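Novice: I am attaching a structure below and will ask some questions about it afterwards.
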Amino acid sequence: MKPTKQTPLNHLSLFYWQLQKWQKRPPNSRQFLSNLSSTTLTTSLKTNNKKLDVGSLSSINPRTAFKAYVETCISLLKTYLNQSWIKQGRTLHGHLIKTGISSDRYVAIKLLIMYLNCKRSDEVNEILREFGGFDLVAWNCMINAHIQNCNIEEARRIFDEMPERNEVSYSTLIAGFMRLGRVDESISYFEKNPFQDVVSWTTMISGFVQNGSNLEALKLFEKMLEFGIIPNAITFTCVVKTCIGLKDFGFGRCLLGLIVKYGLKSNLSVCNSLITLHLRMGDIESARKVFDQMEERDVVSWTAILDVYVEMGNLVEARRIFDEMPERNEVSWSAMIARYSQNGDAEEALKLFHLMVLDGYKPNISCFSIVLTALASLEALPLGTNIHGHLIKIGMEEDVFIGSSLIDMYCKCGKTEDGRRVFDSLSEKNVVCWNSMASGYSLNGKLEEARELFDRIPKKNTVSWNTMISGYVQNEQCDKVFEVFDEMLFSGGIPNGSTFSSVLRACASLASLEKGKNLHGKIIKLGIQYEVFMGTALTDMYAKSGDIESSRKVFNGMHEKNEISWTAMIQGLADNGFGEEALVLFEEIEKTSAMAPTVVTELIFLAVLFACSHCGLLEKGFRYFESMERVYGIKPRGKHYTCMVDLLARSGRLNEAEEFIKVMPFQPEVNAWAALLSGCSIYKNEDIAERTVKKLWELAEENSAGYVLLSNIYASAGRWTDVSKVRKLMREKRLKKIGGCSWIELRNEVHSFYCEDGCHSQSADIYAILELIHGSDE
DNA sequence: GTAGGGTTAG
């Protein structure tokens, strides 16, 4: 990657020029300062733990200045290392040799690490040859370098062969094993460690957090306090993270006390972690207060505060802060890109990604997975394939995060086989890879493949189960939903909100009140009945099952409602014939204008227009329709127009309805014509009916689903000869009608029957008995 | 030894 003008290389060119003179005579502070750009100076002073103020500027002596220069070179090497700019690193190495600085031991170690990480064994050996004997510090650095390079066995070899070890040697090796998830080996070295200092305890705690064992981490922290080891700032950052992971906010508050007790309230790292802790505890105010009161802030603080604004629902402000941040790195870029993607603005996410690359930042694994997710949501296959190629080139395609995102991307683009190819190519898969693949199959309607893969998942988690359950829900195989759900409970899987919302959806589509009530009980037992998702799903389930009273009760009891909850209630009321009440509810939203802009969406308008058309409220309907764009800035979509056609057709205004379709700004939905035809059959208007049928035939030609619809329309209009005509045509074209389904609920179990034979496990017996009944009839 | 960003279901 070619660095742009912002990269440190240009600051360095000033050095190269100055360096020749310094070779002969060390520079004095004035010369040093006058040849440094402020950025480089800040970096170098920072590494010397000095603050940049007037006092420190004037007190700088040549030796400090030169030391600062060496430090600067080291920090540059670090930058090159992080960005994998081996070319720049080598250029710098050349200059360091010329100026004799490469013989500085620390510089040499940094060079060594850089080459090790870039897997340049020639250069590594050359430097090692030059430095026949390394001391303890150097060996420790080597261990660290091998660990960074994921070569733990080499690190262990050095550790075992070292003439002496100190506390750093132990902590480094322990951290290395933790990084690779080899917790047992970490524990073993920790127990063998004769220097159990804060650092090694902290390493262990942090290791447990990395490996998802938050509880273990917390236990260790308590043990550490019992042993009388004084935690430091880094310990607290780890423990705070544990607390966030466990969502144990009672302990969070205890931690705040401990932090004050140990005098770390103003520590930079601690404050950085506290911003997120407060945010996760739902206390946006305190999160901001911590940030505002910080004496110094770094790039982590700025990145953390972005989320505070996102949490406030203010993405625009978050972006403004991002644009004006004093310092950015690849994490801050990734954070901003992720927020856009998660807010459904994948285009903006990708634009930002482009800017990031243009700015010379190297996207890391997280960043690529965010970007792949954004591409998946846009179904941007060519771009996705392009990135995949790039990932192979830089050797990142084996990572589980990347792999999962790639599988997801291909499957969301309908390329299940390509997804599978990625899946098969992963030598190490975690449960997410499996889940992505299973979900990819079910997304593309390949439920048998999904099930087969699902059964092979070594360690299923809640998401695995949810994937399978929601797959069956989406493909309307409700009996399978309950089957898998029972299996989940039986094998000890813990359902969460999204499990219930899927199963409730199955209840809703079966209108199975009994099962729904049963689930409601389980949900209350788990204490998640007040969560928005749950409340909404319950409201919907009761409404769809015809128990509008319970639906209302759940809805009114919800502590927090979102636009989907309101939509579910309004839709539910409208569906159950309480159109007037649905509209009253909508007007309630409109009156509380503070809520309106976030709650009123195109979906809610659909429910409202539906209510109008079912109550025959023609004028009201048109008023709402017209207010969509004028008041709320929502462009009506095809479905909204269809509702309006329905409204006109049901009111017998067939000519107006036909005219309405004609002047629509875009191609009407098939359903719009269907609504018109249904109006024609109510009001017996053969004239318009004929024209509409002609249109419907044209559309059916384009889209096989049109035939099904057409046959249904004819059926509901009682035009049976036309129905058989369509069916015959479908048979000729080998189009299969999506089977109708009926079901009964027996002893809390739903038995479904589809048009095709043999779907029920006992269908042979059932048919035999039917035969018997028929026989006895005659 | 650290804090900020990350994959799958809804």
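Quick reminder: no glycine exception, Cβ is built from N, Cα and C everywhere.
Among the features that TrEMBL reports, repeat 'PPR' is placed at A:135-169, A:197-231, A:267-301, A:329-363, A:399-429, A:430-460, A:461-495, A:562-596.
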Novice: Write out how many residues of the repeat 'PPR' (A:430-460) are helix, how many strand and how many coil, based on DSSP.
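Specialist: Breakdown, helix to coil: 22 helix, 0 strand, 9 coil.
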Novice: I need to check the long-range neighbours of the repeat 'PPR' (A:135-169): which residues 6 or more away from its ends have a CB within less than 8 Å of a CB in the stretch?
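Specialist: Distant contacts of the repeat 'PPR' (A:135-169): 105, 109, 112-113, 116-117, 119, 175-177, 179-180, 182, 193, 195, 197, 199-200.
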Novice: Using a Cβ-Cβ cut-off of under 8 Å, list the residues of the same chain that are 6+ residues beyond the ends of the repeat 'PPR' (A:430-460) and lie near it.
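Specialist: Tertiary neighbours of the repeat 'PPR' (A:430-460) are 400-401, 403-405, 407-408, 410-412, 414, 416, 419-420, 423, 467-468, 470-472, 474-475, 477, 491, 493.
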Novice: What does the DSSP secondary structure composition of the repeat 'PPR' (A:461-495) look like, as residue counts for helix, strand and coil?
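Specialist: Result for the repeat 'PPR' (A:461-495), in helix, strand, coil order: 26 helix, 0 strand, 9 coil.
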Novice: Please compute the mean pLDDT of the model over the repeat 'PPR' (A:135-169).
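Specialist: PLDDT averaged over the stretch: 85.
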